[in-house]
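Asks: My questions will all concern the structure given below.
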Amino acid sequence: MAGFGFRRHGVQPDLASRTWPCTALFSLLFIPVFSKGMHAAQPAVVLASSRGVASFVCEYGSSGNAAEVRVTMLRQAGSQMTEVCAATYTVEDELAFLDDSTCTGTSSGNKVNLTIQGLRAMGTGLYICKVELMYPPPYYVGMGNGTQIYVIDPEPCPDSDFLLWILAAVSSGLFFYSFLITAVSLSKMLKKRSPLTTGVYVKMPPTGPECEKQFQPYFIPIN
């Protein structure tokens with residue numbers, strides 16, 4: 001039993017001495033990889049358009065050799081943070097959110113122009129840009145301070161039937177007004193013509209004395 005116990009205690013230090021260099025090497029290789037930070041900058045405030053579209057630029061500090069980048073849009077509400085959209089792209093290719101129509105974006109160097117669509121007033125909040133340099137190692141991750149996006153819902157459009165009634169009323173008023181103006185104008189024209197006629201038509205007899213008894217004057221009254 002003593003021999004077994006000695007052999008048992010002798011094996012443990014030997015295994016530990018063999019595995020310790022591998023563990024140390026593994027730690028030295030991977031611990032720095034996950035501990036590197038990166039700065040990301042984004043505007044403090046953005047006002048969405050009347051159509052619910054907001055855009056801003058997320059700029060990150062690049063090491064110069066990043067080939068694969070992942071961009072994530074986060075929304076912070078109180079103490080909770082939810083993912084709005086995310087996309088992974090290579091530097092040679094264009095940034096595209098394939099599985100989400102809410103977000104669109106373009107990339108240029110270490111700048112990413114992000115656009116969020118379909119925002120409503122209840123979507124007002126702090127939106128944070130998170131950038132990860134995935135490949136090649138080392139792995140970098142950076143998060144911006146957040147962009148406060150304000151969304152104002154547009155005023156509802158009036159009822160189309162109500163607009164049609166207003167248009168019909170205005171058209172009818174213009175028609176009757178033009179009809180009245182025309183009637184008044186015609187009445188004034190007729191009144192201007194009436195003084196030109198005397199109301200009595202006299203037929204003059206011939207000047208010769210021989211025809212004096214053949215023609216008698218007469219008149220036509222005009223009411």
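Numbering starts at 1 and runs along the chain as it is shown here.
Placed from the backbone N, Cα and C atoms, the Cβ positions cover glycine too.
Note that the structure is a prediction, hence the values are computed from the model and not measured.
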Asks: Pick from 36-41, 96-101, 150-155, 198-203: which range does Swiss-Prot record as region 'Homodimerization'?
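Replies: Going through 36-41, 96-101, 150-155, 198-203 one by one, Swiss-Prot gives region 'Homodimerization' for 150-155.
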Asks: Under Swiss-Prot's annotation, the disulfide partner of Cys129 is which of Cys22, Cys58, Cys211?
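Replies: Between Cys129 and the options Cys22, Cys58, Cys211, Swiss-Prot records the bond with Cys58.
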Asks: Among the recorded positions Cys85, Cys103, Asn113, which ones place their C-alpha within 10 angstroms of the C-alpha of Cys58 (disulfide bond)?
Replies: Asn113
Asks: In angstrom units, rounded to an integer, how far apart are the Cα atoms of Cys85 (disulfide bond) and Cys129 (disulfide bond)?
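Replies: Counting only the Cα atoms, the answer is 10 Å.
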Asks: So which residues does the region 'Homodimerization' (46-50) touch in its own chain, when a touch means Cβ under 8 Å and the partner is 6 or more beyond its ends?
Replies: 56, 116, 119, 147-152, 154
